[in-house]
Amino acid sequence: MKKLSSYIHDRWYVLSILCILSLAVMLRFANYENRWGLAYDQAHDAVIARYAIQEGKIPLVGPFSSAGPFQTGGEWYWLLMILTAFYPPAIVTPWIGMTVLYVIFVGLMVLIATMVFGKKGGILAGLFSAVSTAQIVQGVNLTNQSPLALIGLGALWSSFSYIQTKNIRFAFLLGLFVGLGATIHLQGVGLGALIVMTVVVTLPRDYRWYMLAAAGFFIPFIPLIIYDIENDFINISGFFQYYLHDQYKIPFEVLGRRWLTYASEFWPGIWGYVIGGHSILGGLFMVSVGAISLWHGIQKKLSKEIILLLGSGAIMATLLRYTRTPLFESYVVFMHPVILLLSVWVVKYIGDKSRMSGVVTIVVILTLTLQADIKHILTATNRTAILMDVWRNELTMLYSGEKFSVYDRTYITSSKSMPLVLYLNEAGLFHEDGRKIGVMYATMSGDIHHPVLYEEAMVGELVDISSSTSGQLAEAGWIPMGPSEIYRTTQHWYQGRRKTGTP
């Protein structure tokens, strides 16, 4: 017993990390079959990744931005291709891969927080990351916001490493992470605040620092630049069209982006969603960060790392405030590391003042956060995945031995037809010249005279449209949904418009 106690005492840090990682795995994979997200965007991107692997293609651009008329970089699809390649026969492979990355995030949070707060602070950061509701939810979603948490953490590590070592190679890595985040999703532009604050707190005098940071930032944009050179700079012009003109069509009043509302409602909710489980606790975290910052600032006790976190967090939050798009929880993924580390700073401050108060604070935070986690885990459903299994089984029973092509009536039911393409493709049942299967809502069937294969109110219906020619289907508004067509409309859409003479 004495040897066991000594063993645990000597290796408490490593054992704590293993326990935290086990907790992270359990929370992220619990009830997984009902939690992995299968909406239109996820299915669309999974289809493109599979098709690119099958055809040996390298996507240069990613999904269209929800902000304006331009596309993100192809690195998002590269990541999906890598994740899918581990086990292509399973549809859920890239989702599992993304969830594993979110477990890795927890382990890295421990190591990076240890750089700033010591081993106990690192363990606390890992514990907060493991139970974070936002991390648990985002970790099962295959959207291009998801990698931003890990990329943001990489950028923070680069900043901390430069502050502590003054090795200019970290300037390159900092620029690389920031550039990668910006090309994968527009919210990643906010990571540029870390470059600004690293300069502010360290004042690099070596011109090579700036050159390396710029070089690192530039590299992730190379695929996007190549694509634009080949396509009349369509994305660059689209970005400037949005930045200079289109964004101003949406006034802040319409978005409800008053500073008072933004600071008193949006951010407490977001902070509590990341850690705390409730907006009230999120608000208390925010007030505590402000009060402790002021007190330590007066006493001149703010370390460079904390100044970096505070300054970059303030810049990021301000940039979000002036973003003219509706804000969702997923748009703050890039700030998860900053929020979690500042939360650790607050709790560590309380614990340093009173050990008992620190323990009570940690227990309250974990209890409320776990309550939110359990509610999400137990109430989650994946109706689309269940429906796709039913549809695929129905088709294989009705037309045994055949392959299918999928069409969508005016693209309105693409949230169902896109996952169906994914399911058929995964099972080797999709073929461009296969039996034509249409997906639509029952209310759209007034002028349709095709056999109905499956019908469910408010969900959609499957119809056998194989008796119609491609021309007839096009005239009736049926849009082909094959992997090659999906890939074309993402990677070669502008070439298609140019060839047809469309302005």
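All positions are counted from 1 along the displayed chain.
A Cβ is built for glycine as well, from the same backbone N, Cα and C atoms used for every other residue.
Annotated in TrEMBL:
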TRANSMEM  12-30  transmembrane segment
TRANSMEM  76-92  transmembrane segment
TRANSMEM  99-117  transmembrane segment
TRANSMEM  170-197  transmembrane segment
TRANSMEM  209-227  transmembrane segment
TRANSMEM  270-294  transmembrane segment
TRANSMEM  306-322  transmembrane segment
TRANSMEM  328-347  transmembrane segment
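If one looks beyond the transmembrane segment (76-92) by at least 6 residues along the same chain, the residues whose Cβ comes under 8 Å of a Cβ in the stretch are 36, 45-46, 48-50, 52-53, 58-59, 62-63, 98, 142, 144, 147, 184-185, 422-423, 426. Note on the transmembrane segment (12-30): residues 99, 102-103, 106-107, 110, 119, 122-123, 126-127, 129-131, 135-136, 139-140, 373, 377 of its chain, located 6 or more positions outside it, place their CB under 8 angstroms from a CB of the stretch. The transmembrane segment (328-347) makes no contact with the transmembrane segment (209-227): fewer than 3 of their CB pairs lie within 8 A, with pairs spaced 6 or more apart in sequence. Ranking 99-117, 170-197, 270-294, 306-322 by CB pairs under 8 A with the transmembrane segment (209-227) puts 170-197 at the top.
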